[in-house]
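Copied from Swiss-Prot, the annotated features are:
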type: TRANSMEM; residues: 17-39; note: transmembrane segment
type: TRANSMEM; residues: 59-81; note: transmembrane segment
type: TRANSMEM; residues: 88-107; note: transmembrane segment
type: TRANSMEM; residues: 111-133; note: transmembrane segment
type: TRANSMEM; residues: 146-168; note: transmembrane segment
type: TRANSMEM; residues: 188-205; note: transmembrane segment
type: TRANSMEM; residues: 242-264; note: transmembrane segment
type: TRANSMEM; residues: 274-296; note: transmembrane segment
type: TRANSMEM; residues: 303-322; note: transmembrane segment
Amino acid sequence: MLTFARQQQRRNVRWLLSLSLLVLLATLLSLCAGEQWIAPGDWLSARGELFVWQIRLPRTLAVLLVGAALALSGAVMQALFENPLAEPGLLGVSNGAGVGLIAAVLLGQGQLPGWALGLCAIAGALIITLILLRFARRHLSTSRLLLAGVALGIICSALMTWAIYFSTSFDLRQLMYWMMGGFGGVDWQQSWLMIALIPVLIWICCQSQPLNMLALGETSARQLGLPLWFWRNLLVVATGWMVGVSVAMAGAIGFIGLVIPHILRLCGLTDHRVLLPGCALAGAIALLLADVVARLALASAELPIGVVTATLGAPVFIWLLLKSAR
């Protein structure tokens, strides 16, 4: 038994080291790739100062943090709702952020600065989170709370569609493109959003013990002494914050929170002590590679990153559905 535990521990360490190396390689690729390939040796040149340090570096950092946040949100939700198909958009938080953003554009008549739009997106996400907490205080089961999140997401999606469809504002049409996900507008002015993600990411990565208990089911978690109501509310708020900040920075990006945790579990990383940092690293890798594809796929334009992740994630999602039905 001791030998098996040591082998498992070494295997987990190898996984995390490998993922860390891949994050480094994907980061280097993201900084080099673009309309002009800039090798690391040219990063200190005048061209590198502009393209690498002022344009690509803030974008790369944002992609890293958003990828980690979405994957961690998926891992938390899958443990919280005991459903391997749960993902961040399922609770309606992403759509709530979109409603907040569109409301800001309508009320501000397109005159609000970017930081104000970001705050409105976060506020929209947190409002949906507070509504979910209201449901949670009624001691609903996780399945009913999940259905409440789906219903809220549908309502928010309908509100966004109505607002965009009847609007003649160019800004709202641009927001429709933005809601497909993209990092094209990210620069150092959004650094406050990146900073807002970091403490929550670190805190979530340290919550392996309650998540391991929650993954066993509500009954087992109660028997082990976990204050279920407290932790469920706290984790819903943390998930809402991560998703809200991510949507404010990059729009709605799907499938990262669904696919990454499930793939890592299939690879044997079931303990949340390893799964959580693994999800953060793997989510960052996946979104970095998707962002590179979005930048390079077309010569004259940039693909929405949500299109890239959906194209790659939809077949995996169908496979997961078929696998869970067996």
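In case you wondered, yes, glycine gets a Cβ from its N, Cα and C as well.
For the transmembrane segment (303-322), same-chain residues at least 6 beyond its ends with a Cβ under 8 Å from one of its own Cβ atoms are 84-85, 177, 179-183, 250-256, 258-259, 262-263, 286-287, 290-291, 293-295, 297. Between the transmembrane segment (242-264) and the stretches 88-107, 111-133, 188-205, 274-296, the greatest number of Cβ pairs separated by less than 8 Å involves 88-107.
Using a Cβ-Cβ cut-off under 8 Å and counting only residues 6 or more beyond its ends in the same chain, the transmembrane segment (17-39) has close neighbours at 47-48, 51-52, 56-57, 59-60, 63-64, 278, 281-282, 284-285, 288-289, 291-292, 295-296. By the Cβ criterion (under 8 Å, sequence separation of 6 or more), the transmembrane segment (146-168) is not in contact with the transmembrane segment (188-205), since fewer than 3 such pairs are found. Among 111-133, 188-205, 274-296, 274-296 has the largest number of CB pairs under 8 A with the transmembrane segment (59-81). Long-range Cβ contacts of the transmembrane segment (188-205) within its own chain (Cβ-Cβ under 8 Å, at least 6 residues beyond either end) map to 54, 58, 61-62, 65-66, 68-69, 72, 76, 114-115, 118, 122, 238, 241-242, 245-246, 248-249, 276-277, 280.
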